[in-house]
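K.L.:
Below is a structure I'd like to ask you about.
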Amino acid sequence: MKKDIRRAIIAGNWKMNKTRPEAKELIEAMKPLVKDAGCEVVICVPYTNLETAVELTKGTNIRVGAENCHFAKSGAYTGEISADMLTEIGVEYVVLGHSERRQYFGETDETVNKRTKAALEAGLKPIVCVGELLWERECGITEEVIARQIKLDFFGVTADELKNCVIAYEPVWAIGTGKTATADQAEEVCGFIRGVLSKLYGKDVADTITIQYGGSMNAGNASELLSKENVDGGLIGGASLKANDFAIIVDAATKG
Ligand code: PGA
């Protein structure tokens, strides 16, 4: 992390977990544990918990995010939620292009790009996820895959808009598998992403963009990952569902 030039952000991605009473319990447990955080703390929760999360975190240092949004303003898109619907209830962040969306719900770089632009237009801060599959890494094309995703997902996004975006590098083989990328592997790809941004937007802009690592980040490995210069935080799945573990990761970002 280089906290002097870019924001460190620890974001929980709850995925499809927690009923409303369970969400309340987790947020209440989390609040006192992260109140002195020296980084931005975000919880990205299922749609049904958004209003509850916004209510319970009012006046605290916890920000609320959604896990997806549609690109249209409104219309015949059964089951979808627009970016305006999210901002209207006080949501600030939105996860886009998560590998589970790409893998199970037909998300493509084209739709990630459209969602990113719609989110920015509505005033949301997108957390855009990129990452290679295991066989892509084994074939030695990690950098090609990542560069392609960055170029497509941010196509038409201006430098000013990019400043409101967060990028999460999540190697698909490390998500929910317990297999974490080593700190050096995370640093290598996060640094590579910054290089791609530098070519597209210039070094001054690239240096200010928060690039998170995600994929089995937990209380035990967070400090080492966050000690790397280009790893500016984490997108945390499993470990964000336990208040104590999440707080330890926030502490690691505070100290780092
Ligand atoms: P994980 O998930 O921490 O459970 O691997 C990370 C993510 O999918 O964002």
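Using the three backbone atoms N, Cα and C, a Cβ is placed for every residue, glycine included.
Taken from TrEMBL, the feature substrate binding site applies to N13, W14, K15, G176, S216, G237, G238. Feature annotation from TrEMBL assigns active site, electrophile to H98. Under the heading active site, proton acceptor, TrEMBL lists E170.
Walk me through where these features lie, including what they touch and how far apart they are.
P.N.:
DSSP assigns W14 (substrate binding site) to coil in the three-state reduction, placing it in neither a helix nor a strand. Its Cβ taken as reference, W14 (substrate binding site) is surrounded by 22 other Cβ atoms within 10 Å in the chains shown.
Cβ environment of H98 (active site, electrophile): N13, E67, N68, E107, C129, E170 lie under 8 Å away, each six or more residues apart in the same chain.
According to DSSP, E170 (active site, proton acceptor) sits in a coil region rather than a helix or strand.
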K.L.:
Scan W14, K15, S216, G238 for binding-site residues whose C-beta lands under 6 Å from an atom of ligand 1 and note them, or write none.
P.N.:
S216, G238
K.L.:
I need the neighbours of the substrate site defined by N13, W14, K15, G176, S216, G237, G238. Which other residues of that chain put their C-beta within 8 angstroms of the C-beta centroid, in sequence order?
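P.N.:
Surrounding the site, in chain order, are I175, I236, A239, S240, L241.
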K.L.:
Based on the record's binding annotation for substrate (N13, W14, K15, G176, S216, G237, G238), what whole-number value in Å is the widest Cα to Cα distance?
P.N.:
14
K.L.:
Validating a neighbour-count step here. Other CB atoms within 10 A of the CB of G238 (substrate binding site): how many?
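P.N.:
The Cβ of G238 (substrate binding site) has 18 Cβ neighbours within 10 Å.
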